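Here the structure comes first, spelled out in structure tokens, and everything after it is commentary.
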């Protein structure tokens, strides 16, 4: 089934070439079934690339999805043309009276700052608080996962000795519909300077660790109802994202490691090995199907 996005969004052409069925708003209104309403707060610098990555995963399911793109009013994007933002994005002020089946909050390159020093932190906390009763299931990715765990449960983040970058082997730690169809072990990308610790999460009765890695630590945490899902890695990343970040970092003279388990023979001149794609697609499909579609009320106004 298709994903419904605003007409003219650049991601449409890219995804159409990949065989992902993207439906325009005009065509979608003639469908009789109720689509899932998904909100995406895009905090990543390259918003267009992140749109493509997330829509690719949301569009590869049997469910029709309407996507609303959100940006922060208290932080003006510097790496995405303002024309793109004004055309395709909306603000929290414009959607706070609506309800959504699902919500994705992306990562952001601010993890070395204390949460309260992030310039849009106050706005983000307002949005996260709103999500409690106006969204059926919210997925927090990378820095957003750390921010959500801190805001809702008081779990701190800790700075790592060096950047964690690469693709790491994970194991399913607890049965969950999110990992239905997964093997016991799977691979997933990480790209971060900070972490949350297992022992802090274990102290919170409402939370469960669903997947983890010996090298990368905690990967997926959820509350008991799976209406809050915290993903510390980047399953949405495409083949070249870690490579592009690595070249960006060394171009800034940063001392970062070569992404682990990524380049053949750890040679950055070679094409990266894609080992997490099946996990990413299945994980997002399970979220849409089991955590949202099969549980969300038919009437959006009944979400609370």
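Cβ atoms here come from the backbone N, Cα and C positions, even for glycine.
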Given Swiss-Prot annotates 191, 248 as substrate-binding, which of 163, 169, 224, 270 belongs to that site as well? 163
Neighbouring CB atoms within 10 angstroms of the CB of residue 142 (active site, acyl-thioester intermediate), all protein chains considered, total 28
Most crowded position, judged by CB atoms within 10 A, among 163, 234, 248 as recorded positions: 234
Tell me which residues of the chain lie with their Cβ under 8 angstroms from that of residue 236 (active site), as long as they are six or more apart in sequence? 50, 53, 54, 56, 57, 141, 280, 284
One of the recorded positions 111, 163, 191, 248 has its Cα closest to the Cα of residue 234 (active site, proton acceptor), namely 191
Same-chain residues six or more away whose CB lies under 8 A from the CB of residue 111 (site 'Important for acyl-CoA specificity')? 142, 143, 146, 157, 192, 193, 194
